[in-house]
Amino acid sequence: MPTHKKIIQDLTKEELAEKIKPAFRSKQIYDWIYHKYAASFEEMKNLPKAMREELDAEYTLAPLKTVTVQDSMDGSRKYLFELHDGHTVEAVLLLMRDKEYHEDGSVKHQERYTVCISSQVGCKVGCAFCLTAKGGFMRNLTAGEIVEQLRMIKKDNDIAANRRVNIVFMGMGEPLDNLEAVAKSVKIFAEEEGMAIAPHRQTISTSGLSSKIEKLGKMELGVNLAISLHAVDDELRQQLMPINKAYNIESIITAVKNFPVNDRKRVMFEYLVIKDVNDDISAAKKLLSLLDGIKAKVNLIYFNPYGGTEFKRPSEADMKKFQEYLTKRGLHCTIRESKGLDISAACGQLREQELEGEI
């Protein structure tokens, strides 16, 4: 799918308005892109034909091509997208079902969508437990390529423009290693005349690039921060996550303490639980001490096995013991329900696919 055209989704609303005159035309284009999910400029019939032709000559509306869609029994959907240069990335649509309990005893069921998107082709971090790392790093995604993942998923699932959607930058790649493009995509997602996904519905997950955490904080984007911690001492963390050699636990904790968090929010610490590696109560004790004084919540994640790994999934009993130790001592802690296991769409299972022979 070769192209040398610019990606129009790389432009913010303001940047598009600077290039397209008069102003109402840029608003029409923005509406076609993010509300009507246009696949081509030719569809934009309320634009003059000459303008449609000029746009088509300079820009593409289709920087990604859907290669495969896999459906999970739990309602999740995994997308494999091909980029213009032949590389591929994956994104996942998660259907979350919440229950609201009312005083009269009634229960209201609500469905909401969370989309897990990628920020890079591959990843440099090289975590021992992550399948994405096995393929190495290829390149960063542009803001438009990040944005297009969500746009295509919303269109494919007929998700209304005003439907509540949460975004998690937890797909392929280290988001803070591509901070400028990720930050720009956050702003594009939040545009009120576009997708209107407020920053507090967007979560950026990082392996702990402390200097970039500080930079992200200074940007004042208003996004949620999630730290992929996974170990409570530097020795084990460096075995699991080689990047710990450059960004150790102490530097991460310092950066988190300086990160701006509003009164109703907490920094999420993600802790991937691996059987007989980091799942005992002594680790829970150290974690409690480590997060003392931080507005934190802990998200325990089951390790999701894949072919060739030596790591094992922990038992449900051990997960609950770990959780109970923390919650009884005042630390907010949840166990993440694994989604998309049957289609390899769960945490740590995304990777770039070779288009011949693997799909």
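Our numbering is plain: 1 for the first residue shown, then up by one each step along the chain.
Yeah, the Cβs are placed from backbone N, Cα and C, and that goes for glycine too.
Copied from Swiss-Prot, the annotated features are:
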| type | residues | note |
| --- | --- | --- |
| ACT_SITE | E90 | active site, proton acceptor |
| ACT_SITE | C347 | active site, S-methylcysteine intermediate |
| BINDING | G173, E174, S205, S228, L229, H230, N304 | S-adenosyl-L-methionine binding site |
| DISULFID | C116-C347 | disulfide bond |
| DOMAIN | 109-342 | domain 'Radical SAM core' |
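Structural mapping of features recorded in Swiss-Prot.
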residue : record                               : contacts (Cβ under 8 Å, 6+ apart)
C116    : disulfide bond                       : A91, V92, L94, V168, M170, G171
G173    : S-adenosyl-L-methionine binding site : S118, S119, Q120, V121, G122, C123, T132, N140, L141
E174    : S-adenosyl-L-methionine binding site : S119, Q120, C123, K124, V125, T206, S207, L209
S205    : S-adenosyl-L-methionine binding site : V168, F169, M170, P175, A226, I227, S228, E270
L229    : S-adenosyl-L-methionine binding site : G208, R237, I249, I252, F269, E270, Y271, L287
H230    : S-adenosyl-L-methionine binding site : C127, F129, R237, L240, M241, E270, Y271, L272, N278
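Separation of the C-alpha atoms of N304 (S-adenosyl-L-methionine binding site) and E90 (active site, proton acceptor): 17 Å, rounded to the nearest whole number. Listed binding-site residues: S228, N304; maximum Cβ neighbour count within 10 Å falls on S228. Across the domain 'Radical SAM core' (109-342), mean pLDDT in this model comes to 93.
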